[in-house]
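These features come from Swiss-Prot:
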MOD_RES   SER121  phosphoserine
MOD_RES   SER123  phosphoserine
MOD_RES   SER125  phosphoserine
MOD_RES   THR153  phosphothreonine
TOPO_DOM  1-49  topological domain 'Lumenal'
TOPO_DOM  206-209  topological domain 'Lumenal'
TRANSMEM  50-70  transmembrane segment
TRANSMEM  185-205  transmembrane segment
Amino acid sequence: MTTLASSIEHKTKHLAAPFENDENTWMKKYCCQCKSCKMSVPVQPWLPRFFVFGILCPVFWLVNLLAWWFLQYWQPHELEFHDLQEDEYPGFYEYEAITKRTVIPLKEEVLQEIRVMQNFSDSNSEEYYESKDGMPSSFLNVNTEQVEDENDTLKKYRYAFLKKVAHDVLESHDLLRKTFRNWNLRSLLGLLIDSILIIFVVLLCKKSR
């Protein structure tokens with residue numbers, strides 16, 4: 001397994017344990033839950049097809065434009081986030097998976113959060129084990145400060161997870177709208193070119209008479 005330190009040195013954004021990919025909530029991609037996005041997702045693959053069909057029959061370009069207007073503007077399109085259940089939040093298991101260098105792709109800002117938390121956790125662990133030999137066994141069994149530190153670390157870890165979810169939702173929303181905009185601007189351009197050609201042909205026919 002690769003370590004986070006070596007990952008930082010090589011400037012990689014991946015850590016490693018493919019067998020945990022399905023279980024780790026960090027691997028899940030969260031999408032916008034607004035009505036516009038939900039209705040647009042199944043239509044998205046048809047945009048380039050309708051554009052190509054429009055070369056033979058411009059009506060398909062009109063269909064693209066109408067779908068763009070109806071799905072992206074008529075429908076509610078304010079950002080809506082996934083309603084996370086309690087069991088979807090990362091717990092100590094996922095936190096341990098990160099500290100043990102399970103490899104998952106993370107955003108740079110999330111990596112920064114994890115590095116800060118890891119340094120904080122490592123420093124506390126060193127202090128704890130240095131003083132361990134001089135402590136009575138009763139104190140070793142229950143260490144309130146360590147539990148509080150772990151809870152604090154988990155809260156920060158969950159906060160980083162929420163930032164990741166927010167980033168995913170915003171990215172999916174913007175990407176979907178950008179895709180619709182690009183293909184439908186092409187459709188609009190195709191209609192304009194066809195209109196200009198029709199007008200040009202009509203004028204030529206009138207002059208030839």
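Using the three backbone atoms N, Cα and C, a Cβ is placed for every residue, glycine included.
Remember, predicted model here, so these are calculated numbers, not experimental data.
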Averaged pLDDT, computed only over the residues in the topological domain 'Lumenal' (206-209): 75
Number of Cβ atoms other than its own within 10 Å, given for THR153 (phosphothreonine): 18
